[in-house]
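Step one of this worksheet: look at the structure below.
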Number of protein chains: 2
Amino acid sequence: MTIKYPNGRTPSNHGGNSLKKQVKPTLSHSHRNRGMSFEEMINSSNLYYREKGLAVIHKKPTPVQIVKVNYPNRSAAVITEAYFKEASTTDYNGIYQGHYLDFEAKETKNKTSFPLNNFHHHQMEHMRHCLKQQGVIFVLIWFSSLKRCFMLPADILLDYWDSQSDQRKSIPLTDFEQKAEELKIGIAPTIPYLESLTTMIKGDSINE
Amino acid sequence: MTIKYPNGRTPSNHGGNSLKKQVKPTLSHSHRNRGMSFEEMINSSNLYYREKGLAVIHKKPTPVQIVKVNYPNRSAAVITEAYFKEASTTDYNGIYQGHYLDFEAKETKNKTSFPLNNFHHHQMEHMRHCLKQQGVIFVLIWFSSLKRCFMLPADILLDYWDSQSDQRKSIPLTDFEQKAEELKIGIAPTIPYLESLTTMIKGDSINE
């Protein structure tokens, strides 16, 4: 399924379009860690974990529908017409000590809740299918105004998603404080999600 | 690392550039299965496994370096300048019954051996790192002239890669016949790699 985003919704030339929709240059400079955006913080954490040999987690390339390609003489092929596609899965996956890891990262400027319409139906279905295959699936949520990051297991997110009514279209911050793991932003790794994962894996009694 | 391919090496607008470099439209029509290319056969197998709830394996989007984006009024953002990048990992990964799966697919027109220069250094390193994390890592090799498909475990491939000398820059077909699993091309799934994987997982004594 190809979705062509309306004007202005896919501004940057790096990273996943789900994150890009929300990352604003003015915001990223207010982040800790030398002006890194949320996506950059995650990428730098992934790099740290890979370099330390702790896990192999990568961000998937931005899905692009290529329409026209030119082949100038003796130089690189140039894509001259292409469109952003909506990702059919999550942005990040990989392996950590035998466990399949899969997560999505989202941010909100809201200060009291996270709106569920940040997720797409097929992303939720992807997480559901991965859970059935015994994956370690979660989301990282960045409250950019509060500079707080939470790791929420996908099964809890799916409970909210499935019980979503007209009244409840978001997860209150207070629920994150109770049900999610808050990640303290650091230097290396910037977002220490693996450390909290260990708790999550043990808690879920996944065999190691 | 951005590598701009020389003229004509990235012809198609679908799938990974590693495969694309070798897939030719004229060739694909000589394949079995109603003219599917090797990549299409793998994608259709992945879809089959997903729909049956057997595994969640996806092809990663083609990595593209986006340089210019136009935002026409009231319509989709148009990428007007972009370049193909070399993939830093493999083309396929996902989860199967708790196991992290990761593989690359390559084809050759050769009839007697598979040239190792089809792989890039960083792809081999990626496989090595994933093996250390206890992933189930392999390559699917398609001898297009022979219409034969082999699944070769990454540890065996790495043995060839590491012992590579000026004399040996390819793996003989006879070695595939002895050390790899030959996959019989079918209808659904087209390339039944999960079935052979079960043997591979048991053989490697990975716990289920």
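From the backbone N, Cα and C atoms, a Cβ is placed for every residue, glycine too.
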Mg(2+) site partner of B:Thr89, B:Asp91, B:Gln123 (as recorded in TrEMBL), chosen from B:Glu104, B:Glu107: B:Glu104
Position of peak Cβ density within 10 Å, selected from the recorded positions B:Thr89, B:Asp91, B:Glu104, B:Lys106, B:Gln123: B:Glu104
Chain A neighbours, restricted to the recorded positions B:Glu104, B:Lys106, B:Gln123, by C-beta under 8 angstroms: none
Local backbone state of B:Gln123 (Mg(2+) binding site), from DSSP in three classes: helix
